[in-house]
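Here is the structure we will look at, set down as structure tokens.
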Amino acid sequence: MARAEKKRAVRTATAAAERPSGMSDRRPLYFAAFLVLADAALVALIIAFVPYTKIDWDAYMSQVDAFLEGERDYTKIEGDTGPLVYPAGFLYVYSAIKFLTGGQVFPAQILFGVLYIVNLSLVLLLYVKTEVLPWWALGLLCLSKRVHSIFVLRLFNDGFAMTLLHAAMVLIIYHKWYLGLIVFSGAVSVKMNVLLFAPSLLLLMVKLLVQAMSIKGVFFALFGAAVVQVLLGMPFLLSHPVEYISRAFNLGRVFIHFWSVNFKFIPEKLFVSKELAIALLILHLTTLMVFAHYKWLKHEGGLFGFLNSRFKHAKSILQLFSSKPRPCILSKEHIVTVMFVSNFIGIVCARSLHYQFYSWYFYSLPFLLWKTHFPTPLRIILFLGVELCWNIYPSTAYSSLLLLFLHISVLLGIWFSPTKYPYIDKTT
């Protein structure tokens, strides 16, 4: 009985935390609006005065040209940096960019500057709604030299992929699960790194959709996401399906050792070996399982306890699909925490991180640091240390070793932090 009362108290407190409590709650919102305007001015200055860096833009345009000229064999769509290795959504996005900019760099930079501000706005909305950071710490989201460069000086597709991902997260915290899954699938179609968020998204669906929407709801949500991939890839799947799937969804690519920011201290022969790839994959999956069991499903009795409590009374598949869900929702903080931590685990276990990959997790760093119980000065030091490592070019054995140490420190800090009750009763 005492345990039940304690849980009700926690749920009530969590619900209260989700509701605005007065003018003081508006301070983060006002500061976020100021940051958007200030960063927009900074982006304009960068575009005007900092030289553009030619890396992948010409290759992107060559690949788009081949697509627009009617080529549907993925093995024949190439650029000066190599073959096309992204799903079909990439081609549609950059075809639209070419139409809007004429393939010219300067108008494309302006477009990417707008994209940067849209992405920043989405991220700030996630932070304001979850209330994990103090208002002043939101400024950290605007301090990365490398991320500004990735968006407006390099024009990488990572910017579009992450903007779509953050848009999907915003939809999900507002419980627009079907639309969120569709936007998430669109992000995957631009670049495959978004799949690092997939394990957490699946777990959240199991926790919430199975309980609050029924298993039938889970099925249709996943089906909608799959349909997006099929529709986008249809021109290639109808003509050259094997070539498209093998190139666009190749999870076994080996990156060049020189360009990697992490694991630079490992000899190149070991770096490109299958043994290291398999070991890191096992470490990745194991870490996800451990966090799922002991952290994300802690209040449900762990991974196996949760599955058993849900499925033990179902005597048939029909009964399982038709069972009535429980009236509960997940807190915004829990949703964002699980998704950001899942992605960060993938970053820690990634064999190769190129410079543009920093955009995959930079925007989650302040959130993750404030989920630890580290003192604020240490949080700032860790944040600046990660930023420093990503701005050392070329990376060295020492900088990559420092980056790994910082990543593990943050992950351990999250592991040893307490786990909040994840649900909010609809009745509260």
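Quick reminder: no glycine exception, Cβ is built from N, Cα and C everywhere.
Quantities reported herein were computed from a predicted structural model and do not represent experimental measurements.
According to TrEMBL, the feature region 'Disordered' maps to residues 1-22, out of the candidate ranges 1-22, 67-88.
A contact links the transmembrane segment (183-206) to the transmembrane segment (334-353), because at least 3 Cβ pairs that are 6 or more residues apart lie under 8 A. Same-chain residues lying 6 or more positions outside the transmembrane segment (399-416) and placing a CB less than 8 Å from one of its CB atoms are 260-265, 291, 295, 341, 344-345, 347-348, 365, 368-369, 371-374, 382, 385-386, 388-390, 392.
Annotation: stretch 334-353 has the most Cβ pairs under 8 Å to the transmembrane segment (160-177), among 218-238, 244-263, 334-353.
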